[in-house]
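Quick notes on the structure that follows.
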Amino acid sequence: MKFTLSWLRDHLDTNKSLDEICAALNVIGLEVEGVEDPGKTLGAFRIARILSAAQHPNADRLQVCQVDAGEGFENVQVVCGAPNARAGLVTIFAPVGTYVPGSDITLKAGKIRGEQSNGMMCSTEELGLGAEQDGIMELPEDATVGTSYVDFADLNDPVIEISITPNRGDALSIRNIARDLAAVGMGTLKPWEPKAVEGSFPSEITWDNQFTQACPWILGRTITNVKNGPSPEWLQARLRAVGVRPISLLVDITNFFTFDLGRPLHVFDVDKITGNTLTLCPGQGEKFIALDGKEYQVTDKDCVIADQSGVQSLAGLMGGEHTGVTEETSSVFIECALFNPVTIALSGRRHFITTDARQRFERGVDQALLPDAMEAATQMILDLCGGKASEVVSVGAEPAWQRNATLRFAQLKEFGGMEVAPHKVVEILTSLGFIVQNQDEFSVTVEIPSWRNDIVMPMNMSQHPSIEAVRAVDLQQIAHAMEGEVDLIEEVLRIIGLDHVPEVSLPRCQAIPKAALTPEQERSTYCARILAARALVETVGFSFVDHEIAARLGDASEDLRLLNPISNDMDQLRPTPLASLLPTAQRNIARGWANIGFFEVGPAFVQEFEKTIAAGIRYGVMPRQINGKAPEVTLWDVKADVYTVLEGLGVTVDSLQVTTDTPIYYHPGRSGRLSLGPKNILGYFGELHPSLVKEFGFDQAPMIFEIMVDNIISKKAQKKKPPFLPPFQPLKRDFAFVVKKDVQVGKVLSAAKQADRQFISNVELFDVYVGEKVSEGNKSVAIQVTLQPQDHSLKDEEIEAISQKIIKEVSRLTGGTLR
């Protein structure tokens, strides 16, 4: 938010210096981001008249001009390329040695295409005052030649820029800034009450409001016989100072009140309106050209203003080009409306429109200011453009904005850390526009001003004086009550100055307590530590992902879709952290990271509940081994990741059941599911589905895994005894079984191991064969069984008995036969 010192003094009677005012703004929470003083930068620029302009002998687009810039510069030759340079034009001249801020150059005398040039005639862009038009500036003919442009344009006026927090929409008004400064002792707020303009005839244009949810109240007024044209220099200078390009009297007046009172206005050219009614309604997919020259297509969620021919304005954001005012405009219709902040914010985001009007409407404007703003704007138009005003047309009604809040003086000390005299509290709140409704020795109740939309509407805390009563009321009401009171405490403290709040040392902590974590949090934390120890890098992604990605990874239910996403590609709650990890991996690979190992322990969402999943992805090659080779990532690597985590969390991995029924985003033949029983699924691992590999643009298939952290029941930590090492050498026996192709290898391994749990210590797969030597529809599964004697060496007949048990059990459970 920018404003000039002189503009501020229109509302604030003060003799304070610029430095004092800036210091006060910082104290009251309106942080000063910068101060510009055009008078110092533009002091060398002078008003000049072009005496003659002749065609450059060596360039078609240049002219050789003789310029009169006053004493010492009565007849200066300047080569100029501006299309509007002509004899008699009064403009701005910069002599040799002048620094030009818009071009960041210092002028030197020289020849341009063989002709001497001793200076420069300037445009607003070259002066750093904005891009007004092509060509050099054109000033009134009665401007005094030789006068400093700074004095002519009243630019000896510092420009202050402050930072506006989202809650302080009222500070987008120079008058409200002046009110805050008056409250902090920087001067006195000047009274302001616009003179009512008596309408002399009924307005020929009326309103029809069919979208009251977006616009509960709107005013309008017709002004006839106006004369539009360039604004007076004082108005143009003020607008340029705050970064607004002057256009014409009528437009500049509406922009003036946008900054002066924080009240956006709009004017329609009456002669271009089809019919006698302007209708506020939802859009119906129409297209229209806005004032910025761009075409927009409105939706049924946008509030538009339309006549019989179509959409003429995107309400609260930008008017239409067709009904915009020009220098030929003779009758205008003024719009002064109260729009719903949410409607304006969403429409602006939807159409990528950012305007000063949107900035104010989406934060909430002064609801009670509409009639006064209409009168003030009408009077300025009549003063500068002439004409006659109609009666005001009003549709809807002023919403009930009156709200009261109570501040208890004891709470000010408890929350604010300092004791303030009750009369001082009342004085501060009154100076900020709050109206005292009731006061006693313990508290003060005030009416919140109509322009302070950031003050929360509270309930009356006096209705609940005791703790027992407070516990009985709705917690949300309590929150609102406390927040309203805290808002008032904040107002008092910021005017007094936060630097006056006494410092209170925190109590010294003698010992750092151990973090109190739930069992679920402990599992998640330990899971992350294990994965980090396996050389995986932890990421933290948003829980919001693109709807299309969620659909490809399992669940894109409309119940989990966001109504107001922060961006279009983050509109769905993710069904798995892989929905965040896969795009993250793809972006890192695109930036040159060929080998990826990421994991995330975070929330995933299904229709019924939220769950915690540890997910990971490996891509490329594993770290280089001791033999110097760096093997490619395989599904066995991610299986090892999962097994390590489960074992670390107390799961008996030997009891895990491995099956191939995995989610749709895993490769159907190169993935597995780990579970303890048919219902307790602990995780998945494997290769990403080929269709997703192509969709995400991977050159090779990433290996992925998921661990269902919530399904793991951690066992209590027990001291591990040293493993018992039998004194007898283990024996290994190989078996090859012919089974049907659809029989899972895991079933063969499990059947062999349970044949004799006393002596069988391990079973491993070492070969799967499908070919001519095995009948069609079958496969050969070769396993190695380790026998571990416990108290004596096994005899041949004992080994043979165990072997027969293995053959029998595999046959019984899988239908396999010994090959």
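Keep in mind that glycine also has a Cβ here, set from the backbone N, Cα and C atoms.
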Task = Taking TrEMBL at its word that Asp487, Glu490, Glu491 bind Mg(2+), choose the one of Asp454, Asp499 listed for that site.
result = Asp454
Key: Residues satisfying Cβ distance under 8 Å from Asp487 (Mg(2+) binding site), sequence separation of at least 6   = Ala405, Asp454, Ile455, Val456
Secondary structure of Asp454 (Mg(2+) binding site) (DSSP, helix/strand/coil) = coil
Inquiry  = Just to be sure I understand, if DSSP states are collapsed into helix, strand and coil, how many residues of the domain 'FDX-ACB' (726-819) fall in each?
reply    = 28 helix, 32 strand, 34 coil
Query = Just counting, how many other CB atoms are there within 10 A of the CB of Asp454 (Mg(2+) binding site)?
reply = 17
Note = Sparsest Cβ environment (other Cβ within 10 Å) among binding-site residues Glu490, Glu491 belongs to Glu490
Key: the domain 'TRNA-binding' (39-150), counted residue by residue under DSSP: helix, strand, coil   = 5 helix, 39 strand, 68 coil
Request  = Enumerate the residues of the same chain, Asp454, Asp487, Glu490, Glu491 excluded, that satisfy the criterion Cβ within 8 A of the mean position of the Cβ atoms of the recorded Mg(2+) site; list them in sequence order.
outcome  = Arg452, Ile455, Val486, Leu488, Ile489
